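Here the structure comes first, spelled out in structure tokens, and everything after it is commentary.
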Amino acid sequence: MADEVALALQAAGSPSAAAAMEAASQPADEPLRKRPRRDGPGLGRSPGEPSAAVAPAAAGCEAASAAAPAALWREAAGAAASAEREAPATAVAGDGDNGSGLRREPRAADDFDDDEGEEEDEAAAAAAAAAIGYRDNLLLTDGLLTNGFHSCESDDDDRTSHASSSDWTPRPRIGPYTFVQQHLMIGTDPRTILKDLLPETIPPPELDDMTLWQIVINILSEPPKRKKRKDINTIEDAVKLLQECKKIIVLTGAGVSVSCGIPDFRSRDGIYARLAVDFPDLPDPQAMFDIEYFRKDPRPFFKFAKEIYPGQFQPSLCHKFIALSDKEGKLLRNYTQNIDTLEQVAGIQRILQCHGSFATASCLICKYKVDCEAVRGDIFNQVVPRCPRCPADEPLAIMKPEIVFFGENLPEQFHRAMKYDKDEVDLLIVIGSSLKVRPVALIPSSIPHEVPQILINREPLPHLHFDVELLGDCDVIINELCHRLGGEYAKLCCNPVKLSEITEKPPRPQKELVHLSELPPTPLHISEDSSSPERTVPQDSSVIATLVDQATNNNVNDLEVSESSCVEEKPQEVQTSRNVENINVENPDFKAVGSSTADKNERTSVAETVRKCWPNRLAKEQISKRLEGNQYLFVPPNRYIFHGAEVYSDSEDDVLSSSSCGSNSDSGTCQSPSLEEPLEDESEIEEFYNGLEDDTERPECAGGSGFGADGGDQEVVNEAIATRQELTDVNYPSDKS
């Protein structure tokens, strides 16, 4: 049947079907040949839609909520359609060609893992790919998009590079492809599968079955996540590892450069906020680093470049710590996502800049390459630097710093280095990165799982399992580690005070307790819907009326209740009639506010906003703000909270929660981990597969799902839910965290 479907698609002019059938005809022990280039937009994407920087399909599924906008699903579908492309690969260091003229080496068949039953699964995968119109290299995890860092669409690139994340990421075992193939044979509706995988997500009706099956395959093809080692938990364990390990990989993000004075990018007064005033057509922060937008208007990027150009900043304590590890021969490699070149300033030799840097610039047309000093004058004078060798009337003869833009490739040496380093590393340390951008985000799951892993970051990463979590300002944590390591490391310390450990959460400050005691005690009960818990907030009519008047006069969008409150609330979408029915106000004076119907509706909506925001303001606070100057908090079994940690506490039940919870984490991790023990992930995909196994055990369902024959799938897919990351939170190259 798969052959018939593929032939039908081929007859209809589908090049993907022909590619899939060609893949199915290859010997099973040979790597799949790269597909020929196909021009035009991917499935699920209109011709006018940009193709650069699309998040993975599963991330798109997560971003689409129960009332999922069709645009988000179309973006997820576009990612699914592009998922079979080669993972990023760009010019080798020294070529400086911004993505063309790449070197290609043939890949040997033994580059791939030889799992038992591999040949049978490759044949099944090819048949499934043919049946749904999928192309030939979907089998490998390198097909998953990396938030825009995918292979260029030029023919030259297709001919010249094979380096990709498939060289070093674990390969999924048998399962998802046979599963999809057999469900295709029995005519299963892919929407029923997606409903089980993502129960709160509703795909728009206009998406066809082939696109939906592609999304299913992407979700099920995630590599297995590492599980925490139970024998490594404390900061003492971390210090011992730093003393004993000789081949340490340090993965750094924007957090290591915060203390250097580099301007913030996304804050209210950050770089993007200021650029948006000068360039109102800049749609979002991502566009500044989109290669297509750069070709149309490079001015926003060069205005940004002036603010972080090399030579203006000095390395942080984190940089110096890594440099000393390198000097002592303990550093295997520092993989940095930053573009500020502070690693070189600090003297780190074994450095790999995953997303390029400002160190060099090259022409978009002729690839002429220069040092950063050659274009410094133009950038600081806010003149777009031009290539001296190209004709003056060539509009694209621009000297672009060799930073990896969305829509460009990652350096080929990144993939080659990871292919070697993954088998050599004896300790992984992640500093100042939330690991949201691939393929760098795949590193913790791609090295041997027995290798210890330490996180040093402002917030926890619920989608990954680190052995020791040191949460807070990176320099504060590194300073404490240097004290404990002693010797040359102690000389790096910028703060001579060694911190003391506490194991009980400090009480709320007395000043704040007095403030809370003065709040009106009378409760106001709001039942948002039949399934939501009842909330209790102060009812005093004078307080509420004052806040309502303030919000009405200043516009509800300008009402500042707290920095973190009501982030996900959408009061403009709340039905006024429902608010009136569900708000039980005892004071008649509040009911009489407003004279006209429009005024009542507006004030009712604002009151709803105030009531929703008020509990959040009072309930959540950063635990680190309760710490004294020389303290850090130990939260068993493996979490430490230092100053600057973005870990919050509910005042009522003293439950810790992360600012990232619910936005960039798995569904099982968005509950607040308690003070006693952080919660573990509980995958919804695990429940999905458990249900399928139960079905296959029944006589009437035996063989019906087509999944029971895939033995070994559940172990892999149980850990595959890390696909549900935030679609819209795409970071720029120096903040790929």
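Just so it is clear, glycine is given a Cβ too, placed from its N, Cα and C backbone atoms.
Sequence annotations record features per position, and here Swiss-Prot assigns compositional bias 'Low complexity' to 1-28 (among others).
Residues or ranges marked as compositional bias 'Low complexity' by Swiss-Prot: 46-56 (among others).
Sequence annotations record features per position, and here Swiss-Prot assigns compositional bias 'Low complexity' to 75-94 (among others).
Here Swiss-Prot flags 111-123 (among others) as compositional bias 'Acidic residues'.
Taken from Swiss-Prot, the feature compositional bias 'Polar residues' covers 529-539.
For 656-676 (among others), the entry in Swiss-Prot reads compositional bias 'Low complexity'.
According to Swiss-Prot, the compositional bias 'Acidic residues' annotation covers 677-697 (among others).
Taken from Swiss-Prot, the feature N-acetylalanine applies to Ala2.
The Cβ of Cys387 (S-nitrosocysteine) has Cys363, Leu364, Ile365, Cys366, Tyr368, Glu394, Ala397, Ile398, Met399 as same-chain neighbours under 8 Å, each 6 or more residues away in sequence. In three-state terms derived from DSSP, Cys387 (S-nitrosocysteine) belongs to neither a helical nor a strand segment and is classed as coil. As annotated by Swiss-Prot, S-nitrosocysteine applies to Cys387 (among others).
For Cys390 (among others), the entry in Swiss-Prot reads S-nitrosocysteine, with the evidence type experimental evidence. Within the same chain, residues at least 6 positions away in sequence whose Cβ sits under 8 Å from that of Cys390 (S-nitrosocysteine) are Cys363, Ile365, Cys366, Tyr368, Ala397.
Per Swiss-Prot, the feature phosphothreonine maps to Thr522 (among others); the stated evidence is experimental evidence.
Annotated phosphothreonine per Swiss-Prot: Thr536 (among others), in sequence order, evidence recorded as similarity to another entry.
The region 'Interaction with H1-4' annotation in Swiss-Prot covers 2-268, and the record cites similarity to another entry as its basis.
Taken from Swiss-Prot, the feature region 'Interaction with CLOCK' applies to 2-131, supported by experimental evidence.
Per Swiss-Prot, motif 'Nuclear export signal' is recorded for 138-145 (among others).
The feature motif 'Nuclear export signal' is assigned by Swiss-Prot to 425-431 (among others). Mean model confidence of the motif 'Nuclear export signal' (425-431) amounts to 96 (pLDDT, 0 to 100 scale).
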Residue counts (helix, strand, coil, in that order) that DSSP gives for the motif 'Nuclear export signal' (425-431): 0 helix, 5 strand, 2 coil
